[in-house]
Amino acid sequence: MEDSMDMDMSPLRPQNYLFGCELKADKDYHFKVDNDENEHQLSLRTVSLGAGAKDELHIVEAEAMNYEGSPIKVTLATLKMSVQPTVSLGGFEITPPVVLRLKCGSGPVHISGQHLVAVEEDAESEDEDEEDVKLLGMSGKRSAPGGGNKVPQKKVKLDEDDEDDDEDDEDDEDDDDDDFDEEETEEKVPVKKSVRDTPAKNAQKSNQNGKDLKPSTPRSKGQESFKKQEKTPKTPKGPSSVEDIKAKMQASIEKGGSLPKVEAKFINYVKNCFRMTDQEAIQDLWQWRKSL
């Protein structure tokens with residue numbers, strides 16, 4: 001039922017930590033966690049007799065809370081050195097707080113397993129990963145074979161043509177200085193026309209060579225669109241409202257699910273599933289839960 005609620009929220013990233021403890025006749029082990037927003041699970045793997053254990057009956061017991069919030073004791077393993085020195089539990093998961101004790105025997109008994117912590121994924125890191133993927137995709141398109149070398153060649157040839165035209169204009173101006181003032185005024189008019197005709201000549205030369213400057217425009221548009229994407233980061237989703245949470249819980253109950261009946265477990269459930277930290281809203285949800 002909790003898994004169905006988590007589908008609407010941000011994904012949980014599990015973190016695994018090694019766990020181990022030693023039990024003796026007068027030495028119990030208490031497993032507790034701080035009251036944080038993360039969900040903790042104790043997954044027990046193996047129970048085995050330690051070196052120096054006597055060939056006698058050893059009974060390992062675990063004490064935790066059941067679904068109703070009441071304490072319950074469960075026998076995990078029964079060991080004897082000459083018959084069964086070790087038992088594999090295969091991932092026996094318990095929600096803390098948990099007390100592990102040696103109910104019978106002198107020990108030592110070793111218990112190993114994993115401490116599982118469910119941590120919420122950071123929404124900002126996901127957005128950064130998506131932007132990195134888009135950046136790689138755009139850079140791959142720009143570096144297509146045979147496509148990126150055409151524009152620089154066109155620019156080089158156009159620059160050479162402009163330099164040739166500038167040299168011709170300078171030669172014409174030098175010739176005009178040597179002539180009379182009347183001829184100077186007459187010669188300036190065609191020089192200006194030649195300068196004005198330069199773009200047309202360049203366009204004709206580029207058209208004769210079968211080349212055009214238009215392919216350079218999509219690249220600038222792609223850069224502008226990428227800059228717009230960097231300026232508008234996505235905002236992470238906030239916690240759900242009280243009415244939305246009630247609606248989701250009611251829908252879960254109608255589908256056959258159930259809600260925790262103990263206040264402490266219900267509060268922990270609301271914090272983990274809906275990221276709700278407002279104490280007044282949590283109490284409102286608890287009063288609504290008791291009225292069902």
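Just so you know, glycine gets a Cβ as well, placed from its N, Cα and C.
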If one consults Swiss-Prot for N6-acetyllysine across K80, K265, the residue flagged is K265
Matching 85-91, 190-196, 274-280 to Swiss-Prot annotations, motif 'Nuclear localization signal' lands on 190-196
Residue among S125, S143, S216 with Swiss-Prot annotation phosphoserine is S125
From the set K155, K201, K255, Swiss-Prot tags as N6-acetyllysine just K255
Out of T75, T185, Swiss-Prot gives the annotation phosphothreonine to T75
In chain order, residues whose C-beta lies under 8 angstroms from the C-beta of K32 (N6-acetyllysine), counting only those at least six residues away in the same chain, are P96, P97
Among S240, K246, K271, T277, i.e. the recorded positions, the one with its Cα nearest that of K265 (SUMO1 cross-link) is K271
The rounded CA-CA distance in Å from T277 (phosphothreonine) to K271 (N6-acetyllysine) is 6
Its Cβ having more other Cβ atoms within 10 Å than any other among the modified residues S240, T277, the winner is S240
